[in-house]
Amino acid sequence: MKRKVLRVIDGETVFPPPIWMMRQAGRYLPEYRETRKKAGSFLDLCYSPDLAVEVTLQPIRRFGFDAAILFSDILVIPHALGRDLRFEEGKGPLMTPIDADEIFWLETEGVAKRLEPVYETVRLLREQLPDETTLLGFCGAPWTVATYMIAGHGTPDQAPARLFAYRFPEAFEKLLNDLADVSAEYLIEQLDAGADAVQIFDSWSGVLDEDCFERFCIRPVARIVQKVRAVYPEARIIGFPKGAGMLYAGYREKTGVDALGLDWSVPFSFAAALQEEGAIQGNLDPLRVVAGGNALDEGVDTILERLGQGPLIFNLGHGITPQAPIENVQRMIDRIRGGKS
């Protein structure tokens, strides 16, 4: 029997909708925090298949989500490209900013093969997950990954990357193309290892104007999709251009993704129009899970009422926060699964 999440990606309406959460294996879970301590560094956790499997399975055991998403990080790609990368408490990811000249020296040949521990994690997960649970792989979109490579860290509006793109257009285009090519190989390897579907995270797409969104977000993601589909024509792909606003319109058609992840700022009338084209995923404000109570219940109910009649994967509009109480996550799940169509 086809897994629920895959049925929705294929355009079927399933009610109650399947549910998973971005960052569902994360710091809000005490068992995650314990495993994280054992690993040493965050990257060690990402590159240790047994530990990465454990933290991926933790939210499945606790909550019975309909999908498990591979535990890793979008920045393993630049790390595999030879960029230094470290994660510091309270600061997030840090790396030495790349300059325009260095981009022309980047070599992409065989880079995806350096991420074998990630593929081993996928293989082990497919063996250990319940049959009904969808296994999702993922990568970061080239624009979002490039913003960290250029600034060396996250910034409020990723101004360093935008300025770099304006000043060094040729270097920036090469960087996006290189990242797209390696990311496509990376996703193909995940599908080889047993992933049922993959998601492309473009967390910083919302800081771009319309022209740059087309060049920096849509074209590189379309390049990834085309390369993946050359190997896996039936590959199921979710695109998540967070903060895209009105530019969500046309994203699915232009990139070729099957399902569209929405953030919580998307009006329901617009979301419903996007849903007429195919599956959508989202889009509860993560802070409603932190708040709990009526704020959570009303958020869940509204999504079910406005979007539950079409192909919907229930998710948050971004990753769950470390402050989210576990009991509120369970309350959300119970309310979704007890929902009325």
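Counting starts with 1 at the first residue shown.
Even glycines carry a Cβ here, placed using N, Cα and C.
Features as listed in Swiss-Prot:
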- ARG23, GLN24, ALA25, GLY26, ARG27, ASP73, TYR148, SER203, HIS318: substrate binding site (BINDING)
- ASP73: site 'Transition state stabilizer' (SITE)
Which residue among the binding-site residues ARG23, ARG27, HIS318 has the fewest other Cβ atoms within 10 Å of its Cβ, if you could check? ARG27
Which of the binding-site residues ALA25, ARG27, HIS318 has its Cα nearest to the Cα of ASP73 (site 'Transition state stabilizer')? ALA25
List of residues, in chain order, with Cβ under 8 A from that of TYR148 (substrate binding site) and at least 6 apart: LEU75, PRO78, PRO93, MET95, GLY154
For TYR148 (substrate binding site), the three-state DSSP class is helix
CB neighbours of ALA25 (substrate binding site) within 10 A? 24
